[in-house]
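> What follows is a single structure, and I will ask about it in a moment.
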Ligand SMILES: Cc1ncc(COP(=O)(O)O)c(C=O)c1O
């Protein structure tokens with residue numbers, strides 16, 4: 001999207017606002033599909049947690065995507081957006097058995113990641129096939145919060161517990177239709193991915209009735225020009241070859257599944273916020289925006305570095321700014337960034353704001369969550385209204401008859 005398009009969205013819908021470019025989502029979906037075109041059966045299950053707006057889910061459905069979900073609510077959103085149950089996989093961690101059973105009753109694919117539930121679910125529902133999430137014990141991912149396949153991680157069933165899994169399967173007579181792993185987000189080195197895939201192939205050999213192998217996700221996207229990214233084309237070529245070989249030795253064609261979040265939506269998203277104040281201190285020039293980590297928590301949560309541009313003055317002379325939010329705690333979007341000269345009232349644009357941005361937004365400091373706009377075929381379409389005061393108090397129960405304000409005596413002079 002051009003800065004002028006983004007500015008026109010801010011003028012029409014106000015700021016702060018999230019904007020998603022449908023053309024970028026589509027081209028990323030097509031790029032990933034192309035990279036694995038030599039695999040006869042490929043299934044991309046978009047990870048809903050990255051960005052769960054219904055209109056974005058409808059776009060994914062129109063592209064032929066499936067969905068990866070982690071809560072019963074995400075399953076329901078997917079169904080509401082028109083996905084067929086069989087195109088949704090439920091991959092929760094730490095949820096109750098009742099929630100898994102509720103998802104199974106809706107007909108979606110089930111992915112189980114602990115031995116206790118595998119045994120209980122298999123005993124109660126031996127006819128409902130399940131996928132098993134393996135922990136390959138591989139350290140991968142951009143930082144500790146998003147590395148989830150290592151030995152100390154709470155995710156998946158250890159590869160060292162395969163004999164135990166096999167005993168449960170044999171005793172319960174349950175069916176295993178898939179094997180899954182997800183080692184983390186922001187994986188730079190495709191060799192790490194390929195190494196973990198070999199572990200998955202070794203595991204898959206133990207299960208005779210598989211329909212698919214799910215390699216999770218974790219593709220690293222660039223955050224600025226020249227940034228490192230996962231070489232999808234190279235990964236596609238190498239993993240497809242190995243996958244096709246594996247299927248031959250396995251004896252039948254399986255589906256290769258992925259569940260990308262960031263890869264599909266990160267670069268398609270822009271977050272626009274208005275500059276409230278430019279404040280010069282002895283050492284720093286702060287640009288304080290009409291937003292904070294309540295709207296975009298990733299920089300404060302795990303140090304993500306979102307590129308920030310000034311779309312009100314894109315050609316201006318660059319100066320150094322620290323861009324901060326209005327929350328009364330450290331609330332820094334970026335330190336000492338070179339940005340075209342900023343004036344109060346300018347609109348700043350935070351890039352890579354499609355994944356894990358709106359979905360992590362909160363009402364902290366009793367602020368409204370922003371609007372969301374889809375940029376589609378040259379038009380801005382509002383896909384979520386900005387919240388208002390009614391939204392803030394919607395579920396509160398005001399016990400106004402419980403507490404009385406003391407009657408105040410007039411002050412004596
Ligand atoms: C099980 C699972 N699959 C897929 C994803 C999506 O990962 P990414 O956004 O890096 O593609 C995640 C992210 O946390 C995940 O936990």
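Just so it is clear, glycine is given a Cβ too, placed from its N, Cα and C backbone atoms.
Just so you know, TrEMBL annotations are computer predictions that nobody has curated.
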> Looking at the substrate binding annotation from TrEMBL, with 298, 302, 329 already listed, which candidate in 321, 356 is the matching residue?
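Between 321, 356, TrEMBL records just one in the substrate site with 298, 302, 329, namely 356.
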> Could you please provide the mean pLDDT value for the domain 'Orn/DAP/Arg decarboxylase 2 N-terminal' (23-266)?
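Within the domain 'Orn/DAP/Arg decarboxylase 2 N-terminal' (23-266), the model's average pLDDT equals 93.
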> Can you tell which of the binding-site residues (302, 356) has the fewest other C-beta atoms within 10 angstroms of its C-beta?
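Sparsest of the binding-site residues 302, 356 by Cβ contacts within 10 Å: 302.
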> Nearest to residue 356 (pyridoxal 5'-phosphate binding site) by Cα, among 298, 302, 328, 329 (recorded positions)?
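With Cα distances computed to residue 356 (pyridoxal 5'-phosphate binding site), the winner among 298, 302, 328, 329 is 298.
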> Identify, in sequence order, the residues in the chain of residue 298 (substrate binding site) that are 6 or more apart from it along the sequence and have a CB within less than 8 Å of its CB; answer 'none' if there are none.
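The answer is 304, 306, 356, 357, 360.
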